[in-house]
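Take a look at the structure set out below.
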Amino acid sequence: MGIEDNNMRNGRGLSDQWADSMVVRPRTTERSITVHKKLVLGFAISILTLIVVTAIAVLLSVRFEECAGESSSRGGNGSNAKFNGSRDGNGNHKDEEAQPWRHLRLPTSLRPRHYDLRLSVYMDNFTFSGEVNIEFECVNSTKFIVLHTDRLEVEKVAVYSDNKKPGVMRIHRQFHYPGNQVYVIALHRELKPMRTYKVNITFDAQIESELLGFFRSSYMLQGERRYMAVTQFSPTHARKAFPCFDEPIYKATFRVSLGHDASYLSLSNMPVEASISDDDGWVTNHFSRTPRMSTYYLAWAVCNFTYREVTTDSGVVIRLYARPNAIQSGAGDYALHITKRLLQFYEDYFKVKYSLPKLDLLAVPKHPYAAMENWGLSVFVEQKILLDPEVSSFSYQMELTMVVVHEICHQWFGDLVTPVWWEDVWLKEGFAHFFEYVGTDFLFPKWNMVRSLLCFKDSERLQYLGAALIRMLANVMGQQVFQRGLNVSHLSAMQKEGKDINIKEVMDCWTLQMGYPVVTISKNYSLDHSVTITQEHFVYDRDAKFRDPDLFNRSLQWQIPLTLAVGNSTYKSSEVILWISNKTETHKVGRMDDDMWLLGNINQTGYFRVNYDLHNWRLLIGQLMTNAEIISVGNRAGLIDDVFNLARAGYLPQNVPLQIICYLPQEREFLPWHAASRSLYQLDKLLDRTEDYSLFSDFVLKQVASKYHKMGWPLALTEGSIIQASYQTEELQREVIMLACSFGNKHCHRQAVSLISDWISSNKNRIPPNVRDIVYCTGVSLMDEDVWEFIWMKFHSTTAISEKKVLLEALTCIICNITLFSDLVPDQDVIDVIIHVGRNPHGRHLAWRYFREKWDILNSRYGEALFMTSKLISGVTEFLNTETELNELKEFIQISGGGAGPALARAVEIVEANVRWHSLYERQIFQWLRKSPNG
C-alpha cells in the first residue's frame, strides 16, 4: 500500500475461472495467502516454499471452499475452525451463531461471489447514493447476514433465494452494530448450506473530507477551486462506501456503475463497457466485470482530469490522469514511460503476464499514503508521480522512480498474490521493497541501485525486514536460482558449501522470531588461528533482556549464513560462508596472521549486525585510513552503520564510531558518506541541546571540510539549461554540502545566502535543483523575515509539485507560529510541517507542545489513517531525550486515554532509550572529543 499498501491488477480475458488457494502458516490460525489460479503452481508454491522468507509455511492446497465445506460437514470443528480461531478462540459455529455481530471478524457462514454496485455521485453537495446486489453462497446454516458498513445510511434491504424456489425471504429484524462496524440482517428462516442467495441494499452517504473510504479532494486551476473524489479502501474502508464483506479473504467479482454530472469523468478498476448519457446532463458509466479480488482493491474516481496514454507491445493501455495543467506541462510523462518499461520487465522476470487490459495511474492532490496499487487503477499522491525536470532534484526523481517501481511490482506481489489477513501484509511489501532496487536498476543501470540495497538495518519497518530477508535468501541461493525459483514448481531445499540447506527451516527462525541478531567474531590469537563466533538478539537496551526476560528471550537463535573474508593492507581473501546455528561456535578460516583483519557479512547481504573484538576493529580502522578500497563500498557503508548502532546499544565504546569516520576525507563513494550522515544526524539529535555540542559539531566539520572544498557546489543554472553530473557524483556532492551547511560551515552558509539573494533580486531561480532544499532551509534560517515571506509567496504561486514540497519544508526551518502555519497549508502537509519543526533543536519544544495541545483535533482528523498517526507520533517524539520530556510523554498518554496505543508505546521505548543513552554515554563522547587530535 502506498508504498505502504497493496497493488491489484486484473486480467484480460477475465472469467469466473479465477480461483483461490489458501496456504496456512502453522504458527497462527490464519496465516494464509490467496492466489490467482494461474500462479498456484508456477508462483505461489515457489514463493510459499522456496521464498519461505515470508514465513508462510508450506501446507499448500487448503482451498477456502474446502475449508468452508469441511467445517460444514464437521459442525464447524474442521479446517474452518482454524480459519476462525483467532475470532473467538475455538471457532465453534454454534457459539459464533449466537450473536455473530459481536465478534471482531465476520462469521464464516457466508461467502460472497459477486457484487453489482451502482452509485450516483453528486459532486455539488458531496453526497452519493448507492444500490448493491450481493450474490453469496451459504456455507453453514444461519439466520444472520452480517455485513460491514460504516457511516452508511441504509434505506432498504431485501433478501432473495436463488434456488429452486426463488423469492423474497422474510426479514425478522435489521440493525447496525457500530462497535464492529457491521450491519445485521436477521431472517425468519435459515439460509441453507450449498445454496446461493442475494441481498439487495440501497443506501446514502457523504463523500468525506477525511482521506479514507470515498473522499473528496480539491485543487486550484486558473484561479478556480476544483473538486474530485476518489477511494482509499485499504485496509478496512470499503465499508465506508458500500455494504460488503470487508475482509481480504472474501474475494468476489465486482461490476461497478457510476452516475455523475457529465462535466466529470469516472474511472474504476476495469475499462468502461458502456456509457449512457441523459438529456439532463447526467452520464452513467458501466464498467466491465472484475476478476475475483478483495474489497480493499476495488477503486473508483470522479474528476475533471485529463490524461496521456501509451500502449505496451502486448496491447495494454496505460494512462496517466492528472490535473489538466500538469498533463499539459508534461509532468506525468516520466512516470508514464517508465511504467511501460516496468510492465515488460516484470512480465519477463516473473514469467507471468500482466493480466488486465488497462492500467490507469491517477495523480491526486491528497492521499493518506504515497500510493495505493488498486488493481487497474493505481492512485498516487501528486508528489510521488509528477515530475518537472527543470525544477525537480535528482533525489526527487529517484524517490518518485522507486515509488512507481514499488507499486507496479504490486501488480504481481499483492494483486495476484494477496495476503488473506493483515498480519502477512509484510510479505507483499517486502517483495515490493526488494524490487524497488531491482526494478530501478533495470531502468537506470548507471545508478547502481542494487549495490545500495539494504546496507542499513531497520526492523521497525516491516517492508524493510521482508526485503532484507528476501535479499539474504537470494544471495545464499544465487541470483539465477532465485529468479528461476519464482517461476518453477518449487525448491524447498538446496546444497551450499557441501551442506544440505532446508530453506524453510532456515527462514522460519528469521520470520517467527522478533528482531535480528548481532554476530560477534573474535580472533583467537593462538597457534590454531581459529575464530569464535557468537550470536545474540540485538537490542538497543541490553539491560532490558534481564529486566524482562519473557519479552527478550535470551534463547533466541538464528541459522545465519555468515560470509567471511580476511585481509591486510595489500591482500583480501575470497569469501567463505559459515552456517552459524549455535549460540557459540569455533571455526578455522585459513591463513590469519596477527596483523590480518576479519570482515563479516560481505557486501552486507545478511540481515544482522557484525561486531568484532577491539583489536580487529583497530585493524579495520587502520585499513580504512590507509587503503579503504581493499574493502568493498557496501562493506565500508555497512561497517559505519554497524559501528554507530553497536556503540549506541552499548556493545562498543563510544569513541570507536568516531574514530572510524576519520577516514572519510579519503572516501570517494556516495554510499559510505550516506551511512555516515545517517548516523551522524541521529547522534546530532541526541547532542544538539547539550552544553558541549560545539565539540561534536566541530569534529564533524573537520571530517567534512576537505571533501566539501574539493567537490564544491554544482554550477548555477543558466537560461534554458539543466546541468546534471553522474548520479554518484551528484548525490555525494549533495550529501557533503548538506553536512557542511547543517553543522555550520561558514563558506556553505555564505554560498546559500548568496544564491537566495540572487533569486530575490533577479526573480530568477538559478539555484541547482539538487541542492535547493539545502539552500532554502539555510537561507531561511540565517536571513531576515523578508526571506521567509518571499519563500511563503513562492510556495503559494508555484505549480511545480516538487518545488512546492521543498519550499514548504524550508518554511519550517525557522521557528514560526505552528498553529497559524497548520491552518494555512493543505491538510495532507500539516503532519510534515509539525515533524519538520520538531527536527529543529530550537523548535522541538514547540512541536512537542503543539502536538499535545492539538492531539484531539489531529487524532480526529487522521486517526483512522493509522500510518499517518504513527508517522506523526514518531516524528514528534523520536528526538525527545530529557527526563522532563519523558515524564511529559507518559503523562500525555495517561491523559489522552492511550489512543494510537502501539505508536505511543513505541515512542516511550525510544525516549527512554534516549534518556538512558545520555546518562550512560554522553560523557564518554565528550571526553574523547576533548582529547582527540581530530576533534
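Glycine is no exception: its Cβ is also placed from the backbone N, Cα and C atoms.
In TrEMBL this protein carries:
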- Glu407: active site, proton acceptor (ACT_SITE)
- His406, His410, Glu429: Zn(2+) binding site (BINDING)
- 90-100: compositional bias 'Basic and acidic residues' (COMPBIAS)
- 112-297: domain 'Aminopeptidase N-like N-terminal' (DOMAIN)
- 334-455: domain 'Peptidase M1 membrane alanine aminopeptidase' (DOMAIN)
- 597-911: domain 'ERAP1-like C-terminal' (DOMAIN)
- 69-100: region 'Disordered' (REGION)
- Tyr464: site 'Transition state stabilizer' (SITE)
- 39-62: transmembrane segment (TRANSMEM)
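For the domain 'Peptidase M1 membrane alanine aminopeptidase' (334-455), the DSSP-based tally of helix, strand and coil residues reads 65 helix, 18 strand, 39 coil. Reported as a whole number, the C-alpha separation between Glu429 (Zn(2+) binding site) and Glu407 (active site, proton acceptor) equals 10 Å. By the criterion of other Cβ atoms within 10 Å of the residue's own Cβ, the least surrounded of the recorded positions Glu407, Glu429 is Glu429. Other Cβ atoms within 10 Å of the Cβ of His410 (Zn(2+) binding site) number 31 in total over all chains. Summarising the environment of His406 (Zn(2+) binding site), the number of other Cβ atoms within 10 Å of its Cβ, over all protein chains shown, is 29.
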